[in-house]
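Student: Structure in structure tokens, see below.
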Amino acid sequence: MKRIAVLTSGGDSPGMNAAIRAVTRSAIYRGLDVIGFRRGYEGLLDGDGVPLTKSSVGGIIHRGGTMLRTARSDRFRRPEGINEAISRLREYDIDGLVVVGGDGSFRGAWALHEQGFPVAGIPGTIDNDIAGTDSTIGFDTACNTALQSVEKLRDTASSHDRLFIVEVMGRSAGFLALEVAVASGAECVLVPEVPFHLEHLCEKLHYAKQRGKTHSMIILAEGVMSANQLASRLKDTGGYEARITVLGHVQRGGSPSSFDAVLASRMGASAVEMLLEGQRGFMVGYVNQQLTSCPLPTAWESKKPLNHEMMALVEALSI
Ligand code: ATP
């Protein structure tokens, strides 16, 4: 291998820049040239590649977002798109491609692999919903960002004896909601993986009040329903007046935590090493504090289970 490329795809996450830096610097260290494609697969199809050098990836390790920018690309999903992308990669003399993104981006990378092109995946998403790795790049930072807000809201909730609903990201996965709920000592957590029962929630709030609790915090993953919907259902059924906060995109931004910057650096360097060792169509993972690799389809074929011991912990510790 003489030249590799890197791109970021799907939703951005804190630590993607640290991954770009690690891929670039470790590849240069091993004598390779590096091209960065801007705007994910869309930029690849447009031939929007730039040479990455030791210095062009300087001063980015601590920055949120992605210097290569990211995009979603419908063109790329089509069979002609895959073939066109491979022609572009050949035009640039690329021998291997590193894709930083979520499971959708990995499906795209797998399509390139199936056409014989060497690819590696690095899991970058705040959702942490990728099997084959305990943690994805950006998850830890997003948890800390959300936690800071929840702690501030708790000050008001306790001062004014209020019920707060905090809506966090997570359309189909509740990892972020669960982590934040345990870390903030929230009274309830609602996640897409567990069926929602309004009566059960009302009962819980009722008994909490009877036990002398003056305020409660509900952490709601957006995939269950919106905070507005939940607030009006709680009012209609139980007469509860809830204040709502939707954290939104702040959860995706900001400098990576030390955990994410280190994880991204290690995964970026490993992706290059593994490509040079001859691995193909794989994703770098982090399992039991070790860097690992698994076939890319693991990311979407196996469902990463939510930690039910932590779900029970929210119940047990909010008495
Ligand atoms: P996030 O977790 O932040 O949503 P993601 O990588 O899952 O990140 P997607 O929008 O699902 O984000 O996918 C990113 C891009 O990957 C898509 O815009 C598309 O170009 C490509 N992609 C997704 N699924 C496929 C597929 N089945 N085949 C080919 N390409 C795909």
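Placed from the backbone N, Cα and C atoms, the Cβ positions cover glycine too.
This is the feature table in TrEMBL:
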ACT_SITE  Asp127  active site, proton acceptor
BINDING   Gly11, Arg72, Ser73, Gly102, Asp103, Gly104, Ser105  ATP binding site
BINDING   Arg21, Ala22, Val23, Thr24, Arg25, Arg154, Gly185, Ala186, Glu187, Arg211, Lys213, Thr214, His215  ADP binding site
BINDING   Asp103  Mg(2+) binding site
BINDING   Thr125, Ile126, Asp127, Arg162, Met169, Gly170, Arg171, Glu222, Arg243, His249, Val250, Gln251, Arg252  substrate binding site
DOMAIN    3-275  domain 'Phosphofructokinase'
Student: List the same-chain residues at least 6 positions away in sequence whose Cβ sits under 8 Å from the Cβ of Gly102 (ATP binding site), in sequence order, or say none.
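Tutor: Listed in sequence order, they are Ser9, Gly10, Gly11, Pro123, Gly124, Thr125, Asp127, Asp129, Ile130, Thr136.
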Student: Using C-alpha positions only, work out which of the binding-site residues Arg25, Ser73, Asp103, Lys213 is nearest to Arg243 (substrate binding site).
Tutor: Lys213
Student: Can you tell me the three-state DSSP label for Met169 (substrate binding site)?
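Tutor: In three-state terms, Met169 (substrate binding site) counts as coil.
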Student: If the criterion is a C-beta within less than 6 angstroms of any ligand 1 atom, which of the binding-site residues Val23, Ser73, Asp103, Ser105, Glu187 pass it? List them in sequence order.
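Tutor: Near ligand 1, sequence order: Ser73, Asp103, Ser105.
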Student: Which one is it: of the binding-site residues Val23, Arg171, Lys213, whose Cα lies the shortest distance from the Cα of Ser73 (ATP binding site)?
Tutor: Arg171
Student: Please determine which of the binding-site residues listed here (Gly11, Gly104, Gly185) has the lowest count of neighbouring CB atoms within 10 Å.
Tutor: Gly185
Student: What's the CA to CA span in angstrom from Glu187 (ADP binding site) over to Arg171 (substrate binding site)?
Tutor: 21
